[in-house]
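Shown next, in structure tokens, is the structure this report addresses.
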């Protein structure tokens with residue numbers, strides 16, 4: 001709120017920034033909101049105005065063998081990749097946070113590089129690596145590469161949680177006779193769990209939405225939901241794609257709500273320490 005002593009210039013900047021933030025928010029949200037009503041359109045084309053309300057395209061989605069296979073593949077690949085990313089990312093974050101060794105900054109840059117390297121380069125490199133091994137069209141290659149893409153998110157969230165971690169708690173557990181594994185399982189892990197779960201959710205969302213790498217590594221039998229949507233756009237632009245997109249939007253909103261809840265829980269745990 002503006003106080004009575006605010007100058008005219010400050011008032012102009014205040015309202016200008018609010019208008020700019022509103023425009024940016026609309027720019028980000030409107031494309032998402034546009035697709036949702038189209039998924040309930042009774043017409044056969046993705047155009048406005050809507051011809052009527054119908055759940056036909058959701059029915060087509062759940063009755064289609066191709067869409068259900070794609071959804072099943074996504075529910076196989078994403079959880080498996082998330083578990084791998086969560087395990088390796090948590091261990092890497094603990095090692096990088098606790099240890100001081102030559103080249104630490106370089107190692108950190110390497111492990112988070114999948115976030116900044118263009119995904120198409122990752123896809124090409126992964127194909128060239130796995131194809132000679134006979135894993136070009138397999139769940140194995142798809143899960144491994146999706147896990148690599150998710151590891152940086154786990155490292156970042158767990159590292160942020162460890163910044164406020166009280167290591168005296170681990171020393172106290174060791175002084176009471178706890179082994180390193182027991183101290184990690186009973187002391188460290190419960191306190192960093194919000195960061196681990198947050199990173200896992202980011203990794204899951206990354207894997208679930210990934211399409212570029214999947215185009216290089218997945219055959220027709222391994223096609224995930226985003227790839228099926230991409231194929232549908234190229235071959236037959238049906239409102240069923242809008243229904244699938246709306247389901248993904250709803251899923252993403254749920255993830256964001258869970259992440260916000262975990263963030264609040266992490267803040268409470270950090271304050272309690």
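Yeah, the Cβs are placed from backbone N, Cα and C, and that goes for glycine too.
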Feature transmembrane segment in TrEMBL, mapped to one of the ranges 76-94, 209-227: 76-94
Chain residues in Cβ proximity to the transmembrane segment (142-166) (below 8 Å; excluding those fewer than six residues from its ends, i.e. six or more beyond): 77-78, 80-82, 84-86, 88-90, 92-94, 96-98, 108, 111-115, 119, 122-123, 126, 188, 191-192, 194-196, 198-200, 202-204, 206-207, 210, 213-214, 217-218, 222, 224, 266, 270, 273
For the transmembrane segment (241-262), sequence-distant contacts whose Cβ falls under 8 Å of one of its Cβ atoms, 6 or more beyond its ends: 32, 35-36, 38-39, 41, 46, 57-58, 60-61, 67, 194, 197-198, 201-202, 204-205, 208-209, 225-226, 228-229, 232-233
